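A quick write-up on the structure given underneath.
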Amino acid sequence: MSLLPILYYPDHRLRQISKPVNKINNSIYRIVYDMFDTMYHKNGIGLAAPQVNINLNIIVIDVSENKEQRLVLINPELLAKSGETGIHEGCLSIPEQHGFVPRAKNIKVRALDLNGNSFNLETNDLQAICIQHEMDHLVGKLFIDYLSPLKRQRLLKKMKQLIRNLD
C-alpha cells in the first residue's frame, strides 16, 4: 500500500461535506488500506477520507495500543449519544496543536463495513471520542471549531508558521 498526503488546516478542502460511498469495490479497499498505512505512519488513532483529499464518507480508527483493532466505518450515522466527556484532542490535519473538546461519552453508530454489510456499534470513552472527531471531518467540521475565537486565531497563526516551515 502507500502513504497518502494529508491536508493541513487551513486548507479549504477540509471544510467540504463528503459524499456517501455508493459501491464498495477495489478502489474503496485500496483507499481504506492506504488510510490505515497513513494513519499508522503518522501515529494517529483515526483518519477520515477528507483529510487525505478523498471526498467520501470513510473513517478508519484504531485506538488500541498494539494497533491490532482496526475499525472501518463507511457512511457512518450517529444513532444515539449519552453522557458527557472530553479530552484535549489533536488532529493529523492540525499537527502539534490540541484543544479541549466536549463530546458524548457513549455513542451508537450505524455504518457499512468493507464487505458492504451494515452494522451497529455501541462504544464509549476514547473510541467514541475518536469516532465523533472523525465524523466531524465528514461534514467539514474540525476540533478547533469547538474552541473560543481567540484560541482558534492563535492556533491559525501557529499553523501558518508551521506550514511555512514545512515548505
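In case you wondered, yes, glycine gets a Cβ from its N, Cα and C as well.
Swiss-Prot annotations:
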- CYS91, HIS133, HIS137: Fe cation binding site (BINDING)
- GLU134: active site (ACT_SITE)
- prompt: Counting every protein chain present, what is the number of Cβ atoms, excluding its own, within 10 Å of the Cβ of HIS133 (Fe cation binding site)?
  reply: 23
Task: Using the recorded Fe cation site (CYS91, HIS133, HIS137) as reference, state which further residues of the same chain have their Cβ within 8 Å of the centre of those residues' Cβ atoms, listed in sequence order.
output: GLY46, ALA48, GLN51, GLU89, LEU92, SER93, GLU134, ASP136, LEU142, PHE143
Other CB atoms within 10 A, centred on CYS91 (Fe cation binding site): 25
DSSP state at HIS137 (Fe cation binding site), helix/strand/coil: helix
Message: To the nearest Å, how far is the Cα of CYS91 (Fe cation binding site) from the Cα of GLU134 (active site)?
response: 9
- request: Only counting partners 6 or more residues apart, tell me which same-chain residues put their Cβ under 8 Å from the Cβ of HIS137 (Fe cation binding site).
  value: LEU14, SER18, ALA48, PRO50, GLN51, ILE59, SER93
Number of Cβ atoms other than its own within 10 Å, given for GLU134 (active site): 24
